[in-house]
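Engineer: Look at Swiss-Prot and you will find Met1 tagged as N-acetylmethionine. The N6-acetyllysine annotation in Swiss-Prot covers Lys6 and rests on similarity to another entry. Annotation source Swiss-Prot lists site 'CDK7 binding' at Lys9, Lys88, Lys89, Leu166. For 10-18, Lys33, 81-83, Asp86, 129-132, Asp145, the entry in Swiss-Prot reads ATP binding site, with the evidence type sequence analysis. Residues annotated as phosphothreonine in Swiss-Prot: Thr14, Thr160. Residues annotated as phosphotyrosine in Swiss-Prot, with similarity to another entry given as evidence: Tyr15, Tyr19. Look at Swiss-Prot and you will find Asp127 tagged as active site, proton acceptor. Per Swiss-Prot, Mg(2+) binding site is recorded for Asn132, Asp145.
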Amino acid sequence: MENFQKVEKIGEGTYGVVYKAKNKLTGEVVALKKIRLDTETEGVPSTAIREISLLKELNHPNIVKLLDVIHTENKLYLVFEFLHQDLKKFMDASALTGLPLPLIKSYLFQLLQGLAFCHSHRVLHRDLKPQNLLINAEGSIKLADFGLARAFGVPVRTYTHEVVTLWYRAPEILLGCKYYSTAVDIWSLGCIFAEMVTRRALFPGDSEIDQLFRIFRTLGTPDEVVWPGVTSMPDYKPSFPKWARQDFSKVVPPLDEDGRSLLSQMLHYDPNKRISAKAALAHPFFQDVTKPVPHLRL
């Protein structure tokens, strides 16, 4: 750790404090994540170290690069490439005007490329949200914190006792499914896509049941026809209110037909029928995709 000089605290992640830091030897600016684990007394589990070490192999232009893993005295530091801003802050700063459609399209396309790459290596994210999508001034967007959920679990609260958001969580997880797939990340990205377009969260639930019911009120309460097996999921209740599905043109009014078609496939109830990242990249919505540069106020 003596090779790094902390410049400033840039945030508080799910697992610990994040600092902007400088490598004293190379001058490289990095993001330093200090991982706080409940097992501080026993040290860092070897399984976590193994999982994290595998992530150093994930090299892709749309994945935030894990440069190094430093394990000292029961503490774990992850050294990542540094990016200037996250999508949440950028959307908040652009709340009045919104993001231009070509930029939304570019961001979604890049994020799907990153997902397709990770999914092809059988790595899931499980906790995608605008806060862990990082952007730079050149128009790139990258997925951060990939694979951390598998190494450390997804806590209910962060180390500062903030509630970990449910807004982007797939219905199969909310219904208690223990064995989920890459489709959970596609669901999260679908929610983020809608949020970029409408400038507000699609399903801003404040509890697991509120989260489910918000989804049901928009997409209709799922049954065996749309989602075979749903009624036998651990947390499914026959007493759930039966809501009808809303028209997508009312859910995301600014989106054209191609955009609505892609979004509805990303938000398919049945994870087996949900579009894959690879298939989504070939969707007609991306026929005219470009890479515009965002107006960042850094």
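From the backbone N, Cα and C atoms, a Cβ is placed for every residue, glycine too.
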Engineer: I'd like to know which of the recorded positions Met1, Lys6, Tyr19, Lys89, Leu166 sit within 10 A of Asp145 (ATP binding site) at the Cα level.
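Structural biologist: Near Asp145 (ATP binding site), where near means Cα within 10 Å, there are no recorded positions at all.
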Engineer: Provide, as an integer number of angstrom, the distance between the C-alpha atoms of Leu83 (ATP binding site) and Asn132 (Mg(2+) binding site).
Structural biologist: 11
Engineer: Would you find the one among the recorded positions Met1, Leu83 whose Cβ has the most company, meaning other Cβ atoms within 10 Å?
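Structural biologist: Result for the most crowded candidate: Leu83.
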Engineer: Note down the number of other Cβ atoms within 10 Å of the Cβ of Thr14 (phosphothreonine), including every protein chain shown.
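Structural biologist: Summing over all protein chains shown, Thr14 (phosphothreonine) has 25 other Cβ atoms within 10 Å.
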Engineer: Please report the Cα separation of Met1 (N-acetylmethionine) and Leu166 (site 'CDK7 binding') in Å, rounded to an integer.
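Structural biologist: Cα-Cα distance, Met1 (N-acetylmethionine) to Leu166 (site 'CDK7 binding'): 34 Å.
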Engineer: Among the recorded positions Lys6, Lys9, Lys33, Lys88, Lys89, point out the residue whose Cβ has the most other Cβ atoms within 10 Å, with all shown protein chains included in the count.
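Structural biologist: That would be Lys33, with the most Cβ atoms nearby.
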Engineer: Round to a whole number and give the Cα-to-Cα distance in Å for the pair Gly13 (ATP binding site) and Asn132 (Mg(2+) binding site).
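Structural biologist: A Cα-Cα distance of 9 Å.
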Engineer: Between the Cα atoms of Asn132 (Mg(2+) binding site) and Lys6 (N6-acetyllysine), find the distance and write it as a whole number of Å.
Structural biologist: 21
Engineer: Based on Cα coordinates, which of the following recorded positions are within 10 Å of Lys9 (site 'CDK7 binding'): Gly16, Tyr19, Lys88, Lys89, Asp127, Pro130?
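Structural biologist: Of Gly16, Tyr19, Lys88, Lys89, Asp127, Pro130, within range: Tyr19.
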Engineer: Select one residue from Tyr15, Tyr19: among these modified residues, choose the one with the most other Cβ atoms within 10 Å of its Cβ.
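Structural biologist: Per the Cβ count within 10 Å, the most buried is Tyr15.
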Engineer: What Cα-Cα separation, expressed in whole Å, is found between Tyr19 (phosphotyrosine) and Ile10 (ATP binding site)?
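Structural biologist: Checking the Cα atoms of Tyr19 (phosphotyrosine) and Ile10 (ATP binding site) gives a distance of 5 Å.
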Engineer: Which recorded positions (Lys6, Thr14, Lys88, Lys89) fall within 10 Å of Pro130 (ATP binding site) by Cα distance?
Structural biologist: Lys88, Lys89
Engineer: Can you tell me which of the recorded positions Ile10, Gly16, Lys33, Asp127 is spatially closest to Leu166 (site 'CDK7 binding')? Compare CA atoms only.
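Structural biologist: Result for Leu166 (site 'CDK7 binding'): the nearest of the recorded positions is Asp127.
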